């Protein structure tokens, strides 16, 4: 029996399409014949419906997954205010505990063939006074997929984030170019530069280029991602 796969999705910034790309990956894995589940372990920004607190990002992931996890497993830490998680957690009296998330991830792996873990904000967003999301990725011990919001400044953000991932001893399984600014000048040249540098310095391939979509259509975006190559990388990276 093949061991379950998993990956950690991070981004060059907040609001650059991590949830959108994570949903596209889930659709892609499902088309690849895999049972795909999502974890959004820390979500900041909740709304109440029918007496239940929910999160829009988590809702989008559930809609894309073909294995839907119980809310308390999918998102063990749901914070109400839409702000930096460590700030909101302190205000709401919540301790963002990595061990709890690792336990949820372990359970999720028993229910699916592949588990997509979406971070919050960028790679070094704090969780508390001493730990950040990079520490969570290390604790999970899974490869990372980097979502690059293609806009002015993205080259520097992408290379810095890739360096931070490597500094934690994690494998960068690949990156996705997500066009968030349709008016950006020289997008092709920017992507070509990132493709060359990330391949040379980190061996990280470009998994796909997603054009600006309004409204976002993760099911369509899934067809633009090299899921087969990513699955092979994830399998090779297994201990």
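Cβ coordinates come from backbone N, Cα and C, glycine included.
Here Swiss-Prot flags 40 as active site. Using a 10 Å radius centred on the Cβ of residue 40 (active site) and all shown protein chains, the other Cβ atoms total 28.
Per Swiss-Prot, ATP binding site is recorded for 15, 16, 17, 18, 19, 20, 57, 118, 119, 120, 121, 178, 179, and the stated evidence type is sequence analysis. All chains included, 25 other C-beta atoms sit within 10 angstroms of the C-beta of residue 19 (ATP binding site).
A strand conformation is recorded for residue 118 (Mg(2+) binding site) in the three-state DSSP classification. Remark: residue 118 (Mg(2+) binding site) has 9, 18, 19, 22, 38, 39, 40, 57, 61 as non-local neighbours, by Cβ distance under 8 Å and separation of at least 6 in sequence. What Swiss-Prot lists as Mg(2+) binding site is 19, 57, 118.
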Residues near residue 17 (ATP binding site) in space but at least six apart in sequence (CB under 8 A): 11, 147, 149, 178, 180, 210, 216
Nonlocal neighbours by CB distance (under 8 Å) for residue 179 (ATP binding site), same chain, sequence gap 6 or more: 150, 187, 209, 210, 211, 212
Listed in sequence order, residues not in 19, 57, 118 with Cβ within 8 Å of the centre of the Mg(2+) site Cβ atoms: 9, 18, 20, 22, 23, 38, 40, 43, 58, 60, 61
Among 119, 121, the most crowded of the binding-site residues [Cβ within 10 Å]: 119
Lowest local Cβ density (other Cβ within 10 Å) among binding-site residues: 15, 57: 15
